[in-house]
């Protein structure tokens, strides 16, 4: 059952809502505009705030639902919950449907954390909003949110495995944002 849940997590994470919705509703491929990323930030740039918000919500849900299922089926198996959540985020970053060229995993990670460490997800979301409101730089908000999730998870997670997952997700976020980090250091990162 564990393998099936992990596979389900990966396949759910692989659903490229940003690509599908911009193509179906706007007739454009989000990968050819803005940053070329498939996530909510670039969808907002390419197709508008409303569609960006829908993609944000759907990307979070595709992280949350497989984890909810794993928690319901195997309530005393935090390692399985972590594996399923990690698989969902990796599915978003490396989707089988897009030749492993996906997004940065921020919204999907938020969905995973909403289930496993809701306090960390809430704190991260609040920090993102605050940092973005001041800086108008989405990547800076995402990185600050990821760091906040790690700290909050260390203090509030019900299982040490969940705190470890938060740290691992932040490490993945650093990897997927490596170009953004360089641009932040050079002060050339895009603002909204």
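The chain as shown is numbered from 1 upward.
Positions of Cβ are set from backbone N, Cα and C atoms, glycine also.
Annotated features in Swiss-Prot:
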- 1-21: transmembrane segment (TRANSMEM)
- 51-71: transmembrane segment (TRANSMEM)
- 78-98: transmembrane segment (TRANSMEM)
- 112-132: transmembrane segment (TRANSMEM)
- 155-175: transmembrane segment (TRANSMEM)
Cβ contacts the transmembrane segment (155-175)/the transmembrane segment (78-98), at least three under 8 Å, sequence gap 6 or more: yes
Recorded stretch, among 51-71, 78-98, 112-132, maximising Cβ pairs under 8 Å relative to the transmembrane segment (1-21): 78-98
Spatial neighbours of the transmembrane segment (78-98) far in sequence, C-beta under 8 Å, 6+ residues away: 2, 5-16, 19, 38-39, 59, 62-63, 66-67, 69-71, 104-105, 107-109, 111-113, 115-116, 158-159, 161-162, 164-165, 168-169, 172, 176
For the transmembrane segment (51-71), distant same-chain residues with Cβ under 8 A (at least six beyond the ends): 5, 8-9, 12-13, 15, 17-18, 21-22, 25-26, 39-41, 43-45, 77, 80-81, 84-85, 87-89, 91-92, 103, 107-112, 114-116
